[in-house]
């Protein structure tokens with residue numbers, strides 16, 4: 001993501017504007033992003049959901065510190081404190097994560113799908129999502145909490161499907177073929193569909209609100225939803241001790257707090273072009289600009305101080 005941002009900034013400074021997809025640096029960012037998502041997908045086949053999902057905070061720390069090198073951002077005290085809290089929380093997450101078998105067969109996934117806890121959870125999730133969707137569509141309420149709660153509800157289904165698909169692919173690679181079961185393809189459809197609608201609502205939130213607000217709130221909602229879905233669907237904390245559960249939740253809290261400190265009070269960099277250049281008038285040195293301010297009484301007119309343009313008129 002940082003490399004993509006660098007590519008956009010470099011292209012904006014060039015005199016000849018080129019599409020971003022013609023930049024080699026931008027494509028390097030896309031390749032790295034794809035590799036990262038492949039690693040993230042694979043991780044769900046080897047580790048519990050409750051561990052993999054909150055570890056997304058590492059990307060927030062990485063972007064904060066890497067942006068200092070590539071984007072010449074200023075390192076703040078809040079970044080250092082937030083990074084320290086997040087690293088501490090990450091250590092607790094890894095140490096006290098639930099220790100459950102991760103090799104899930106297609107038959108196990110089928111049994112989980114028809115279990116009573118998941119059926120009750122699914123019904124509640126559908127009811128809550130429909131209520132939120134009603135306010136979003138009918139009442140035109142586009143508050144950030146409503147948008148990101150819908151994203152989180154969809155993300156819980158995405159995470160469940162991703163872990164099932166990743167686990168079945170892992171077993172198939174090891175020689176225990178699982179790809180012949182219909183549940184494998186049902187999970188793929190669920191994964192793709194929920195992910196598509198999740199991206200739709202997330203893009204809507206990014207369009208209406210600043211990324212510095214969306215990122216930490218979405219991280220908290222997403223992680224919480226993923227942990228709950230892992231507990232209910234895969235029963236990941238079934239044999240965990242009370243101390244392990246408490247320390248794990250404390251690690252989540254520290255990670256959430258660290259992410260909020262890193263994202264707090266950060267202003268987004270926007271490439272502002274407030275004036276439209278008139279171009280060159282033969283025989284005249286033009287210094288004036290057109291100011292497209294619709295609230296001004298002189299909308300669409302030239303600046304008053306440009307006497308040379310006035311005389312030309």
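Including glycine, each Cβ sits where the backbone N, Cα and C put it.
Taken verbatim from TrEMBL:
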type	residues	note
TRANSMEM	25-43	transmembrane segment
TRANSMEM	49-71	transmembrane segment
TRANSMEM	80-98	transmembrane segment
TRANSMEM	118-136	transmembrane segment
TRANSMEM	143-162	transmembrane segment
TRANSMEM	182-202	transmembrane segment
TRANSMEM	214-234	transmembrane segment
TRANSMEM	240-263	transmembrane segment
Residues of the parent chain within Cβ reach of the transmembrane segment (214-234), under 8 Å, 6 or more residues beyond its termini: 48-50, 52-54, 56-57, 60, 100, 104, 112, 115, 117-118, 121, 144-145, 148-149, 151-153, 155-157, 159-160, 163, 202, 205-206, 252, 255-256, 259-260, 262-263
Distant-in-sequence neighbours of the transmembrane segment (240-263), which means Cβ under 8 A and at least six residues beyond its ends: 50, 54, 57, 60-61, 64, 78-79, 81-93, 95-99, 212-213, 215-216, 219-220, 223, 227
Leading stretch by Cβ pairs under 8 Å, where the reference is the transmembrane segment (49-71) and the options are 25-43, 80-98, 118-136: 80-98
Contact set, same chain, for the transmembrane segment (118-136): CB under 8 Å, 6 or more residues outside the stretch: 112, 142, 146-147, 149-150, 153-154, 156-157, 229, 232-233
Beyond the flanks of the transmembrane segment (25-43) by 6 or more, those residues with Cβ under 8 Å of it: 1-4, 6-8, 10, 52, 59, 162, 166, 170
